[in-house]
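**Q** Before we start, here is the structure in question, set down as structure tokens.
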Amino acid sequence: MSSDPQWKSFQPSTMDSDTAILDFKTLSISSPNGSPYNSGANANYGSSGGNSFPIGTFTGREGNDSAFNGESNTNSSSNSNSFNQQQQSQQNNSDGAYHSATRETGIIEKLLHSYGFIQCCERQARLFFHFSQFSGNIEHLKIGDPVEFEMTYDRRTGKPIASFITKIAPEVVLSEERVTGNVTTEIRSDGQGGETQGRISYENRGECFFLPYNKDDVEGNVTLRSGDKVSFQIAANPRGNLGASHVRLENPAHPVRYQGVVCSMKESFGFIERADVVKEIFFHFSESKNKEEIRLGDDVEFTIQTRNGKEVACNITVLPRGSIIFEDVCEETMKGQVLKPLERGQNNRHQNDPLPGRIKYRAADHSESEVSFGDKDQKGDFTLRHGDWVSFRLATDRRDGLKRATDILLLDESFNVSGERREQGVVTAVKDGYGFLRCVEREPKLFFHFSEVLDVDKDVSVGDEVEFTMIQDQASSFSHMRQRAIRIKHLASHSVKFENVVEQNVSGTVTKDILPPYWNQRSPSKNQNNDKNDSGTITYNSSGDKKTIAYYLKDCDHKYLPKVGDQVEFDIAQVKRNKEMVAINVKVSQRASSGDRGDGALHQGYVAALKDGYGFIENLAHDMEVFFHFSNLDGDANKLELGFEVEFNLNIRGNSGTCMSAENVKILPKGTLKSPTILPEVLDGKVVRPLRSVNPEQEKYAGLIEASTETEGEKGAEYEFGITSLSNKRELLQIGDPVNFQVDSQGRAANVAAIRKKRRATVDSVKGLFGFLSYEVEEGKKLFFHMSEVKENATLQAGDTVDFVLVTNHRTGKSSACNVTKVCENTQRPERLISRLRTTSVDDAGPKLTVLRQPKGPDGTKGFTNARIPRLPGVGVE
């Protein structure tokens, strides 16, 4: 037994120095007859009432109990023999020996097949005992039973053991020391009005123990959750079973939930203003607990974790709006003066002071007071300067009682106090969050940001008249210092004047007219070289002297543009920017025949082509087209359709006399222009020349169709066609396209319809006004289509099946889909989405199956494609 590791942990260097064995309180037992097994001892313990016995920590290790679990029969038998010899020796002694031994109390901690262990109640010791030392039926002894015993020593090994063990009356045995552990099982309802017991685990000298507890054992109105760290006292119930009592929650496993409001957001992260302290905390979008979208200003609840030495918000859930209130705002509006404005620059982005601004104001008791403010307290992010007069309201923070200014607005009297130079201008362009101003007193356009608009409730639109202050943008590079407008204030209409009118109602004659830039070429979008500041000239008499003055296109009526020789009336103004004298409000009073290169008559025709901002009209003779701009249309250009009947005035522009344009374009009721009679015979043919709108490089406008003949190689009759000849006005007929057509009384083709092969494909993607089909004309490229080619204005989405006609532009070589007809809707997810779902559904943390060697058949081919060859019994297979 001396080689048993279980006993080594109990072996002292000297017997007298082992405090765990010898240092304990002596317990006197009153016994009438001196026997350690009499009822007097039991009565003494049973009547102890509220006396408690401290339970110390255990000395043994669970893993070492194998020394007594029957694995070593030799040691077990030795122990048994040792105890038998010791018991025999003790029985030979006189009764006085029993009186000299001290009785102790303990609790049965472990029972094995022939031995067990007792945990001492009065000292830190764990003693071995053999079943032969128990007085009574060993079957009645259970773990947790309180017992009384004497400590003796094994004569062969000198180890301390328990002997003369008796079971005492069950009573509550409570430890004075508190033990810490973790909740492993929560108390739950059993569904019948009762509750199940919970369990707490704790570790003692390397061994893990589990103790039950009930709801009454928990201190305070606390609900324990699995994983919570608790402290408790160990007690034995009336039945002698150990349990946890006076359980106290020390550290919850689930972190404390905090609340706040999302105050700023970037691409994939943001900051939350906390409701418990005046502080912001970082969060990432991936921390949303329910994967719900987090928006600016949302009330949220979250936990806090420390990562890389910094606190971050995790497990974020969105609360209903208005759940969190930071402050109480006073209804009274105060007036004050800015002492310290906010510094909006790169160097102050990460400043520690959340309220760096200061405002001086007169308090209710007429004393001079100061109040701070932050970047969220202004109604807008406009620039404030030292000395500005502002209006604000006082807000008291519920978290720390600090007062601050909020709802800050800049007052108009600030500009008088500051003495800054204010300028005027008109908004000429608006982008996403910024725009440009045309200034009255400076040539280049001035950049501005929407945040600098003082009236935060007013939208910024093109044409708005404003007042502003110009500064040098410090954020731009030194070599390219950019000017920008700040502190922008809206003005009433017609407040901004770019010129000062010197003289009104002056008459003159146009000596040089202005050719609009969109008339020089067929496609205005390609006209990049025209000078937009080209000016015309007007000659007039002033005090008997003949003078010439310039005028610009912006000062004329676009529907009645002046031409050379026209009599006009105008006003003379001086431009504030450069002091130049110009003619404004130019109006044509009388057309001059010498200057009019048109015939002056009304012409009629059909809308043949529509582009972005302009179009072309086919004349009644069907042999030419006339350009017109939408500004010359009397009506809504969005309602124009191909084939509409119109009337217009024809004018010729330019010194060459070749640039023709239509003015005063008006839409006529359908059927106003009489159409020729169409013959009933339907002919077949092919296009040998398209319309000039399809091929702008050809000289002739009209297209040409050659009729088919029965004799192969024989040339058929040819018929011209225009926009009115097409049954589908959007049809783009190209050279070689087979068509069906009829002939009208004028010998022209009518009701021309292309004979094209219908193809079918699925929609790959839709992007606004265009999309792509899963049909490859060129390798790796999807087929393009425009939404205007979709029949019946059907709504398409990825996966829809459509019929279409393939059209190839011979000039550019690019193909597209026309006459797109929706066949059926998509009934399944697109393949790319299915592939993505397959990828994302793979659990990277779980086990994976990887094929190291692909299977091969008997002939060396992959897989098990070859089946067994049936054979007859007794016949071999060759």
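Cβ coordinates come from backbone N, Cα and C, glycine included.
Annotation comment: TrEMBL describes 54-99, 514-540, 848-878 as region 'Disordered'. The compositional bias 'Low complexity' annotation in TrEMBL covers 72-94. Look at TrEMBL and you will find 103-167, 257-318, 422-490, 602-667, 758-822 tagged as domain 'CSD'. Taken from TrEMBL, the feature domain 'SUZ-C' covers 828-868.
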**Q** DSSP on the domain 'CSD' (257-318): how many residues come out helix, how many strand, how many coil?
**A** 3 helix, 38 strand, 21 coil
**Q** How many helix, strand and coil residues does the domain 'CSD' (602-667) contain under DSSP?
**A** 6 helix, 40 strand, 20 coil
**Q** Under the DSSP assignment, what numbers of helix, strand and coil residues are found in the domain 'CSD' (103-167)?
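**A** The counts are 6 helix, 37 strand, 22 coil.
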**Q** So, by DSSP, how many helix, strand and coil residues make up the domain 'CSD' (758-822)?
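**A** Final tally across the stretch: 6 helix, 39 strand, 20 coil.
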**Q** Sort the residues of the domain 'CSD' (422-490) into helix, strand and coil with DSSP and give the three counts.
**A** 3 helix, 37 strand, 29 coil
